[in-house]
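*Asks:* Structure below; questions to follow.
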């Protein structure tokens, strides 16, 4: 077995792991939030939407490329469908993460006493806007503005970054500006302002004293803790996709793909974000772990039933 076949087999193993665990953990997040949606803040709709998007990517989009590895070649329409879904759902995630960062900034600066700046209806509008925004950018290659096709070592499909057409380059520029650089700028500026404002309030509060100031301090700590916990999710997502973004830019400027295996490796690494996002919820949110336990743990229900019988 030559080196390329070994790498391709490794890619399949990684994608299989992402598909299984990504489907399981994202499904668990979706069920947990869905069962507790009424008592959770409106920002939970954003997390629910991200988890649903990652679930679809894990159980539908990624298995396509696993099956094709054993079949041997991509049917054209299936290649386009796979590329569209991965690109579409990837944009969905980064737009949601951006909106979550902006929402946390607005909550801390303009409505500190509320759980969330947006109402549930407003958050649903934001969610639908994110999906529509992502759909528009991912639909363009299917309509002839740029195109989808095989990439790297031909085991995955994506946008053909090596196109030499001027109109395709305009699309590439728009994608990187609107779907990568703009979200990074908004996320970075939002978290920078969150840290700066929260630091100023937490320093000033003890010097003033009083019930109102103590409550403001407690609320600020709570919102900042929630924002920083989600910053880990953002960081993991960007670390997963940035190598792919960098190598895609190199391919665009060169007009050819000088290292197909590296592009495939970065593509597989990027898809790991579909599995890592929900794992970040479990790893960094104690409240979310408790929520899962209360939702699914049979032990708690048995204990409550036994206590009821004793009474």
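Glycine residues also receive a Cβ, built from the backbone N, Cα and C atoms like all the rest.
Pasting the relevant annotations from TrEMBL:
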- 6-33: transmembrane segment (TRANSMEM)
- 25-281: domain 'G-protein coupled receptors family 1 profile' (DOMAIN)
- 45-71: transmembrane segment (TRANSMEM)
- 83-102: transmembrane segment (TRANSMEM)
- 123-146: transmembrane segment (TRANSMEM)
- 170-192: transmembrane segment (TRANSMEM)
- 229-253: transmembrane segment (TRANSMEM)
- 259-284: transmembrane segment (TRANSMEM)
*Asks:* Please indicate, using numbers and ranges, the residues of the same chain that are 6 or more beyond the transmembrane segment (6-33) and have a C-beta under 8 Å from a C-beta there.
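*Replies:* Those are 40, 44, 47-48, 51-52, 54-55, 57-59, 62-63, 65-66, 69, 153, 155, 261, 264-265, 268, 271-272, 274-275, 277-279, 281-282, 288, 291-292, 295-296, in sequence order.
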*Asks:* Restricting to the same chain and to residues at least six past its boundaries, which positions have a Cβ under 8 Å from a Cβ of the transmembrane segment (83-102)?
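*Replies:* For the transmembrane segment (83-102), the far contacts come to 43, 46-47, 49-50, 53-54, 56-57, 60-62, 126-127, 130-131, 133-135, 137-139, 141-142, 148-149, 156-159, 179-180, 182-183, 186-187, 190-191, 227, 230, 233-234, 237, 241, 270-271, 273-274, 277.
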